[in-house]
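Student: Here it is, the structure in full.
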Number of protein chains: 4
Amino acid sequence: MPTDFNQLTNQLPGLVELCRTYATEGRVASYIPELAHANPQTLGITLHHKSGSFTSAGESDTPFTLQSISKVFTLLLALMDRGEQAVFEKVGMEPTGDVFNSMLKLELVQPGKPFNPLINAGAIVISSLIGGDTPELKSQRILRFIRDLAGDDSPSFNESVYRSEAATANRNRSLAYFLKDNKVLDQDVEPTLEVYFKQCAIEVTCAHVARMGLILANDGSDPLSGREIVPKRYVRIAKSFMVTCGMYNASGEFAIQVGIPAKSGVAGGILALVPGELGIGIIGPALNDKGNSTAGVQLLKQLSEHYDWSMF
Amino acid sequence: MPTDFNQLTNQLPGLVELCRTYATEGRVASYIPELAHANPQTLGITLHHKSGSFTSAGESDTPFTLQSISKVFTLLLALMDRGEQAVFEKVGMEPTGDVFNSMLKLELVQPGKPFNPLINAGAIVISSLIGGDTPELKSQRILRFIRDLAGDDSPSFNESVYRSEAATANRNRSLAYFLKDNKVLDQDVEPTLEVYFKQCAIEVTCAHVARMGLILANDGSDPLSGREIVPKRYVRIAKSFMVTCGMYNASGEFAIQVGIPAKSGVAGGILALVPGELGIGIIGPALNDKGNSTAGVQLLKQLSEHYDWSMF
Amino acid sequence: MPTDFNQLTNQLPGLVELCRTYATEGRVASYIPELAHANPQTLGITLHHKSGSFTSAGESDTPFTLQSISKVFTLLLALMDRGEQAVFEKVGMEPTGDVFNSMLKLELVQPGKPFNPLINAGAIVISSLIGGDTPELKSQRILRFIRDLAGDDSPSFNESVYRSEAATANRNRSLAYFLKDNKVLDQDVEPTLEVYFKQCAIEVTCAHVARMGLILANDGSDPLSGREIVPKRYVRIAKSFMVTCGMYNASGEFAIQVGIPAKSGVAGGILALVPGELGIGIIGPALNDKGNSTAGVQLLKQLSEHYDWSMF
Amino acid sequence: MPTDFNQLTNQLPGLVELCRTYATEGRVASYIPELAHANPQTLGITLHHKSGSFTSAGESDTPFTLQSISKVFTLLLALMDRGEQAVFEKVGMEPTGDVFNSMLKLELVQPGKPFNPLINAGAIVISSLIGGDTPELKSQRILRFIRDLAGDDSPSFNESVYRSEAATANRNRSLAYFLKDNKVLDQDVEPTLEVYFKQCAIEVTCAHVARMGLILANDGSDPLSGREIVPKRYVRIAKSFMVTCGMYNASGEFAIQVGIPAKSGVAGGILALVPGELGIGIIGPALNDKGNSTAGVQLLKQLSEHYDWSMF
């Protein structure tokens, strides 16, 4: 039964305040210095309905960087640029219960092909597949794609987050050189990482992410204009990965407790969607030990239970 | 849009013959001696619609043992016997891209808790949680539950498969003693393995599995009588696991290519379902290198594409 | 320059009291219940010179079970029973820095062959290679070999330690079934483990171990009678393993700090030897976090420094 | 009994020709392009006796780069520059049976400290500990140390091998960034790798390596002049590591079959020594699957057996 959007709009502020209390159980990411400045008490959400209505609550205007949420969209762009076969020659399709930056899986599984495009190793390879002759061109194409999906030109690179990330990302450099050594990464490491770090540093608000989720919820097309932005087949692929591995090594639990496609980032953002109905953007910088927004996951759980959103 | 069951009934025999050609790409499981006798060219399917209609094609009457398909149902029974909290204290919720009987994950992730209930280690722990004072009582309760879901009393233990499995299952013994050492398995190893091997050796046909799938597709209730056999919440949990880890380390690819909850077994059986509509049982003993029926997966892929079954 | 045995005899009681203070840094092994009763303050040593002289200090009469020290002698017996080629078809020659009961290495290195005969997995395989038609015969042959090397018939199986070990050794059972599954272990698991647990439960004193070490220090022959008990080639193999992997994952550090062949056991015993000169037996049940006697290692370090025993 | 140097001198040419036939079982290293040009049939050896006599046979004048042999000497220099405690805070002392460039061990063992100074990860950390404010100064100090030990100023950096190595060493870059991420490597990655690659590219002949080995065989002093070049304690440490992990993951087997301290490099060089007697330098570019010179190992095995060199 479709979600009653009016009821939801009325309930939302109360739910946000209820779930905000869960923020105290989490901690703001500190491994990227710039992210450590975020206020852990922040909680904001925007829901965008395919009718064009949208509603927000909490600090939904707080800007945040996409971080790993960007992996969903670079996957889509790489699929549009290279096609399905070329992408999956380089990256696998399987979820993995490992922590997000483990190198174990790369070493154990010949020949060093990343398990899927939503883990760091996979997303680095995906960055190398984005069309464009230079890192700048690739990054600009990613930004244009994000702006197109967000329906707004304000998303931009947060330069200080980018520089902070680039300066401290030795684990990602290690992964990238490992992939290079295994010939899974064809391009040079530093230009590829520049693209990767830049995509992570695109700054948005909940409204942008909700609109991006709505396009995915509507199989790749703008529900108002009907314009296709992403082919339906690629959206299906993205939604599958969001369900099986979108929430790091809590994806299985999230599938059971919430049951909708979602992708989180270490800045505390969550992209989620109710297929055919809604796009959702959330910001809540306090993270649990799996790297997901504590208050944000709680908010999605309560909404999913109340409105029976689970696909399962 | 709902599946046109008449059209499906007409197309099914042709599709089965088309997909049967894929059987030559696979091989019958040989690690359990009794399974090696199966005919690799066999392909059979039954679909059971919630209206009560059902249709079959190919060698759908060929009996086969449930093998890993049973893991879905022992999970459900353990949830009904012990509740959600007790079950997930012992078994995790996360998919893993590892091969099915790896011990690596158990060793790496403290404290040796299996990643999920559909890998061997997890299913062995689940077997220990089934209610009943003796292995015989536990096994009888599992069989009764299978018969109840199948709507038929003919499913029985195939004693020669059971003995064949029990005699050759040193990897599973190794896993079980490892779990025992880590205190994840509370009960004795051999009685627990007896229950585990027996559930794997329950012999069924496609019609049984299709009926079992239909109950899950209908959220745990018989669509004709309305009788609840399994609580909806537990069915949701089972369907989540089927999507994220039902097809061994090809689950991610299956989610993209087929997109419905399914669970395979090494005898070549597949349980699948279209939520709210259909239960599906398939037998095709020739397996691909991931352990799934080659022809069976192909058949589900063609049906899903044609009738747009994907949840994603 | 040869060790001055008179000086050593005079200094020994003082050194033992000095090193006994290190016992407080360790803990008595508790995973085998029977071992937990040992007094952590115990420290005893016997040195046996090739001239026939011997000297003891501390509680050198405290009986203790060989535990992993037995692995040196079952290796020798297996080499005498089967020859070098047959033994090293089943067990490797390489040290490993892993903790003693890890299964990781077995899984990673195809085809599941244990790295060396002094880790548990390797010693279990070695137990299966000991000549004798039944576990009882194998165990009796091991005991006779130990008595022959000790020059005394009092070493016997400690039945309560054996039963305690057999009842709690699920990790070893897990290893053994894994080896069986990989066809590295040809014989049945439980009879093989019976032999393995029995060899670990042979009870000795420092004097026995010192005499056994003296035979190895003298290349396999009794220095007084000249009788060859073990061929020199096999003693060389055993001494190599004692240097590269005799002290669990502190073998490298021990080679640097002490520099003589040695093997420790979790009951707190240490077998050591100064090639061409001395056999050494030590008991000190308080273990460090690597599983070696804290006071015992300290005693060997002080003796080696003072008498310049290091081979390096 | 001391080696009869005259007899050895007479036998050496014949032994070299005998062992040269083993070269056909190996292959020249190809992962560094410059190394692939070597002639696989080359076999040369120089032995340097503490009396000052030396003897050579085969193509002992063929220049080759030290590669991993340099790890022994940078360890010594780091110990002399920083002291034992500072070095072993950053690098462990334990052998590992893993292949030489595995990242698995770094990930599994907290906190990413390399197992020992002779594996790549350990040697990279050691490079960072060499005294000197710039990579150039560090490299010049290493070269001076090598020349001092070789008793000759002709060893120099082979620039084309250095550049070839630096251009293709993505696995080492990956290791170094991993170490940096774990804060085991304090200095910047590229300057550290410059030092590491340069030390590997120092070009020598068998006579140089034999003289270097002789200094180690003589506990760090020139046997003719009596001048101490390296403190005895540090030589002991180096010899321990050469025995437990000098021949990659064939070190255990080499200890049994040959039984003397040795270190190999992928250019086909071997440094070996008979304590108190001889230094040995060997070149034989055809490598076995463990990365050691096939003909070179065979030559040492024959010499050790004939002259009873084994320490065990």
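Keep in mind that glycine also has a Cβ here, set from the backbone N, Cα and C atoms.
Not measured: the values here are computed from a predicted model.
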Student: According to TrEMBL, A:Ser68, A:Asn120, A:Asn172, A:Tyr196, A:Tyr248, A:Val266 bind substrate; identify which of A:Glu165, A:Glu203 is listed for that same site.
Tutor: A:Glu165
Student: Which state, by DSSP, holds A:Val266 (substrate binding site): helix, strand or coil?
Tutor: coil
Student: Max Cα distance spanning A:Ser68, A:Asn120, A:Glu165, A:Asn172, A:Tyr196, A:Tyr248, A:Val266 (substrate binders), Å?
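Tutor: Pairwise Cα check on A:Ser68, A:Asn120, A:Glu165, A:Asn172, A:Tyr196, A:Tyr248, A:Val266 gives a maximum of 19 Å.
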Student: Which has the fewest other Cβ atoms within 10 Å: A:Tyr196, A:Tyr248, the binding-site residues listed?
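Tutor: Checked A:Tyr196, A:Tyr248; of these binding-site residues, fewest Cβ neighbours within 10 Å: A:Tyr248.
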Student: Just how many other Cβ atoms lie inside 10 Å of the Cβ on A:Asn172 (substrate binding site)?
Tutor: 23
